[in-house]
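Single-structure report; data block below.
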Amino acid sequence: MDEDTHQNTQLQKLKEMFVSKFGSAPKFYARAPGRVNLIGEHIDYCGYAVLPMAIEQDILIAVEPVQTQVVQLANTNSSYLDFSTSVNNIQINKTKPQWHNYFLCGLKGIQEHFGLNNPTGMNCLLDGTIPPSSGLSSSSALVCCAGLVTLRANGKTLSKVELAEICTKSERYIGTEGGGMDQSISFLAEEGTAKLIEFSPLRATDVRLPSGATFVIANSCVEMNKAATSHYNIRVMECRLATKLLSKSKGLEWRKMLILHDVQTKLGVSLEEMLTIVEEVLHPEPYSTEEICKCLGISLEELRSQILSQNMQDVSTFKLYQRAKHVYSEAARVLEFQKICSEAPANALQLLGELMKQSHISCREMYECSCPELDRLVDICLQFGAIGSRLTGAGWGGCTVSMVPTDKLNTFLKNVKKAYYQKDGQRLAVENNSLFATKPGRGALVFVEA
């Protein structure tokens, strides 16, 4: 790896800090990028394809394997405290999503995959350029980077696809029911291209983005910590319940059906037809737990013990119609986005922009994962020349992604800065990392110093 990605200065600084912290030099480095999802929000965990790209911002870890069976973690950012633990007794605290717990997820995932009885200890110093809790996958990048580090330190090898699958599973140790997009793009990304990522089996296809437009990320500066909130996991559960009710109404084996994609596959119908079925079967009013039991013909006890996860026991109402409608329509938008990119018609930018706008409306109205600041930021971006703009990542805060004509980029950045960031002292302080143009970056890798 050359210095174009990690300017020598960042690496040099990291190395010097490592030496002063641990008293010796790192043996190797690993990096894993964050990502921006261009379209396909909240559908990976329903089994549907998504369309992200890696960004240049990443997590970088300097590593020295050691003889003791201890992992010592330190961070270049002093607000993240040092942590050390025995490699043989990994405890991951779900109640507090602290930074080191994400590292431990990746570590534990690799250990368990290989059944390592005698894992190597390590000294690790971490540096990150992805803004935290911004919806750009800083936490998944950390899990992936930790997985890569553990793999290398223990002298093991895996394919990128295997790594992505292990890191997806292991991030669940922290309590997030993610679908695999973030880990997959972190490993499978390639410079210069976005990817259509499909699941079971996991695969990635290049999507060449149209020339003439640039994707711009703007942070709403509302932080949202995915694992610390129940919003995200409630949505996962609402999709599961919608799956059960749709399956039951169509005479399918509903107990075996877990994700909305399964219903479509089993019925052998198009996404458009699924939307019609949602209209016929589900009602827009929220469902109570009692009504769900009645529809499925089961007791409340069975619903609680067999279907609802531990952290859902106190939720009393679920919106099933809205969530299913979002998922099936968003899944169709992803395929349409890919088709436009590959056919490249003269009005490609307008068509893609339209899909991004529709996606945001669906996230706001049907999935209810936006927030007033994100909606305002999307409006400002569209007002100042974006062809399309939407929230990206889980939502409830975090970032927007906008498609901007390249020749209008500088004016766009100046105007958005003024309208959203400069009117607010708090936002102004973080504005430099909050608004930036991005292009598809490369995926995770291990390297030694040149």
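Positions of Cβ are set from backbone N, Cα and C atoms, glycine also.
Record features (TrEMBL):
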type	residues	note
DOMAIN	17-65	domain 'Galactokinase N-terminal'
DOMAIN	101-188	domain 'GHMP kinase N-terminal'
DOMAIN	346-421	domain 'GHMP kinase C-terminal'
Q) Going by DSSP, how much of the domain 'GHMP kinase C-terminal' (346-421) is helix, how much is strand and how much is coil, in residues? A) 46 helix, 12 strand, 18 coil
**Q.** Three-state composition of the domain 'GHMP kinase N-terminal' (101-188), taking helix and strand from DSSP
**A.** 53 helix, 8 strand, 27 coil
(Q) Looking at the domain 'GHMP kinase N-terminal' (101-188) alone, can you tell me the average pLDDT? (A) 95
Q: By DSSP assignment, list the helix, strand and coil residue numbers for the domain 'Galactokinase N-terminal' (17-65), in that order.
A: 9 helix, 28 strand, 12 coil
